[in-house]
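These notes are about the structure you will find just below.
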Ligand code: HMG
């Protein structure tokens, strides 16, 4: 019997502000049904000027460290595609803000929205080597497209922190994994740009092809049949994508896609993403949080995960929900993280979209906006300055 390893705890944080899609629709003359029904989004998180992937990551991880202590955490993996530095890992700032022991290995991972899943799998390998150790895997991203582009409606921001350990308290991650990589230019962000470039239609096709490829490999590795899963957490750039992807897999496997099957399989995973928007690496695990928070008892049930990162890499794997998981959920805090956001008007959103830290090497304080646990207080000599609030 292999040692059970998986997600022991999960906590998330999101940005200070929320832009309702009704406001974006009123600005650009879009029929609101396209956002609410067509892409399945109600609002998107907008970080304050003094928030970034570091403050989001630290805010997500602080409750995990508070609950479990840091004695067993010997590795921190921070996955992001909205990196703040080409050399220094954002995880090192988080390690400092959380007061983690110096005897810790810290690293940043990148492959678009897939990075956190690589982090989770690498963490499982480390725990297998020494089951006494725990790994803190953090996914933290801010999704930003050009103003007035089709991608604008699919922005968002969030961080998810997961503690990976032996005898996990929430979900035991299983073998095998189905893997898929293809070199496609569906979505990318060159180093000189703050906003992503995307071919929207091609990106949806690339996602579906990758989901199919990962599923095919999963089946060839003797994975379980679709019917053996109680629900599916898909990467959600917008929540309708989870429906599209599941319908695609059902069709690929020769199943009927009429009726409520798709909604039953993915509906409960979309609640947080629908309000937060695309949180890139964090999105598939926000789906897990929503599912665990809302579903009837899932003890012993198997969940399917499909992680996709443009460019592209995908992985399909299963996890079984463990007994007693309901006592370890953070449902109240999760709902609070979403509902505490302050609504922002269009002018305020646009100002934040255009706001950037000065790059002249001088001393600059950031406006005090966040009401979160940590803030980016400024920049001095090209060094970001962080503080606990
Ligand atoms: P668009 O051109 O604005 O929208 O692009 P559309 O015309 O395709 O309409 C969207 C849907 O709304 C359609 O439904 C319409 O029929 C429907 P579908 O045909 O797809 O089922 N619609 C309506 N429904 C109800 N009432 C109405 C109405 N009007 C239209 N009145 C797009 C949309 C998502 C492509 C765009 O926002 C975009 O480019 N987003 C960014 C790219 C993206 O999210 N791609 C997803 C796959 S790639 C991925 O997931 C990776 C990613 O997360 C990055 C990473 O890995 O790092 C992006």
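From the backbone N, Cα and C atoms, a Cβ is placed for every residue, glycine too.
Over in TrEMBL, the protein carries these features:
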type: ACT_SITE; residues: 81; note: active site, proton donor/acceptor
type: ACT_SITE; residues: 113; note: active site, acyl-thioester intermediate
type: ACT_SITE; residues: 235; note: active site, proton donor/acceptor
type: BINDING; residues: 145, 244, 278; note: (3S)-3-hydroxy-3-methylglutaryl-CoA binding site
type: DOMAIN; residues: 5-166; note: domain 'Hydroxymethylglutaryl-coenzyme A synthase N-terminal'
type: DOMAIN; residues: 177-250; note: domain 'Hydroxymethylglutaryl-coenzyme A synthase C-terminal'
type: DOMAIN; residues: 266-326; note: domain 'Hydroxymethylglutaryl-coenzyme A synthase C-terminal'
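Using a 10 Å Cα-Cα cut-off from residue 244 ((3S)-3-hydroxy-3-methylglutaryl-CoA binding site), none of the active-site residues among 81, 113, 235 qualify. In this entry, (3S)-3-hydroxy-3-methylglutaryl-CoA is bound by 145, 244, 278, whose most widely separated C-alpha atoms sit 22 angstrom apart. For the pair residue 81 (active site, proton donor/acceptor) and residue 278 ((3S)-3-hydroxy-3-methylglutaryl-CoA binding site), the C-alpha distance works out to 12 angstrom. Counting other CB atoms no more than 10 Å from each candidate's CB, the recorded positions 235, 244 peak at 235. Residue 81 (active site, proton donor/acceptor) falls within neither a helix nor a strand when secondary structure is assigned with DSSP, and so counts as coil. In this structure, residue 113 (active site, acyl-thioester intermediate) is part of a beta strand by DSSP.
Ranked by how many other Cβ atoms sit within 10 Å of their Cβ, the recorded positions 81, 145 place 145 at the bottom.
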